[in-house]
Amino acid sequence: MELSYQEKLTLIKLNELKKAKFDELVEKTGLDQVAVMRAVLWLQSKGLARLHEKSERIAKLTETGKKYAQIGLPEWRALKVLRKKGKVTLDDLKEVLSEDELKPIVGLLRKEGWASIRKEDGKLVLEITENGLKAEERAIDRALKLLAEKEAIPVSEIEEIIKVNDLKRRKIAEEDIVTERTVEITPEGEELANKGLELKEEVSTLTPELIKSGKWREVEFKRFNIQAPVRRIYPGKKQPYRAFLDKIRRRLIEMGFIEMTVDSLIETQFWNFDALFQPQNHPAREWTDTYQLKYPKSGYLPNKELVERVKTAHERGLAGSRGWGYVWSPERAMLLMPRAHGTALSGRQLAKGVEIPGKYFTIQRVFRPDVLDRTHLIEFNQVDGFVVGEDLNFRHLLGILKRFAVEIAGAKKVKFLPDYYPFTEPSVQMSAYHPELGWVEFGGAGIFREEMTRALGIDVPVIAWGIGIDRLAMFKLGIDDIRYLFSYDLGWLREARLVW
């Protein structure tokens, strides 16, 4: 069996003593307490020694208690003056009592029946009673005397005289826990020690001096157990979800996408709905599905030509469409709201101008009324994007979406279902299979309708998607509650795995 120098020394000395108090063993080995404790614990893990620990509650005097042990308890000092004078005022007691002691002791003298209290000429007067003249040593006095004689006494011994809480209440004594440790050699340890152990001091560090002198050839180096349990270290790292978003962004840029950015979380309904060919009477524009700003209520519309084309698309249609057939309201389009989906930025970018062919994306915070649960939030992130080009079709879109789910989220199974959105045709919903939650919807996609793209100045196909990136993160981070992404739980933040 392999033992370190300190373990060998401790075992040899323990074999001489057979059983010893820990402090005695420390003295016998000449090592410090930490080294002996470490050696004992290792010997115990190897079955060569046993460590016994016995904890006991003890009571000891506080600084106040030590003062009382020297000059007497306040009530006895006050009673001494009363016995001498028979009757005293509070000013008389101030000669022997501090301000802190005076008020409680007056009450205590009356409670013990040692003095009566009355007013004379507007002053409080204390007069000694028969009980005060005959007062004898009490339990608290005996306990104080006992504590003064010894440095510490077991609580059980003190409580044969008085409850320790009574002493603590008067700040005479305090309670502590002491642990007595005893170390005992086992038969296996005794057998090994009797065989003879070679004590050769070990070197734990290879120094330049050892190398220069050549002594490194003669000394014995301490062996290190690389499998020994050690304290876990939690180095600084990015918030797991934030790190995931950064890697999504980097991956999309590597795939040739250009990031669309915007400073504000607030949009006009024009960009959130109207520019996307969503009619003003659509139920998704009501308070049940979107938030509205109370103040300021309205913003500004973009250039007149763009507004006129959007209005025409809604009222009469573009690209062979008949439109929605209603009177479009610019006042409704000017209303302000927290962004409900990242597609609003896609509309802005298309109106601003794009490269053809071109690929664009954005990661944005969006807001929607919902019931909070483990798969739904009212404030969350979306990855929205689009690809614009001459020969794009629906199959290209499905390929991009599947690549997202499999390569970026790590989903094993993906399925597509037909869906409806006012601004895409055809439209599709994408879901992926989560091992805990089953099929989880990620988002929607489709080909932007020509009524939308023509109004924004684009006359080639545009395939687009909006994906709930928070739900993708659930797959990659291995969690089954979306709320953990924004959690302050230190345990989760420390243990959450870093993604690829």
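Yeah, the Cβs are placed from backbone N, Cα and C, and that goes for glycine too.
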Of the candidates Phe442, Phe448, Phe475, Phe486, the one that Swiss-Prot places in the L-phenylalanine site of Thr343, Gln382, Val383, Asp384, Phe423: Phe448
Farthest-apart CA atoms of Thr343, Gln382, Val383, Asp384, Phe423, Phe448, residues recorded for L-phenylalanine, distance in Å: 18
Tertiary neighbours of Phe423 (L-phenylalanine binding site) (same chain, Cβ under 8 Å, six or more apart): Leu276, Phe277, Gln278, Thr343, Gly446, Phe448, Arg449, Met452
Most Cβ neighbours inside 10 Å, all chains, among the binding-site residues Thr343, Gln382: Thr343
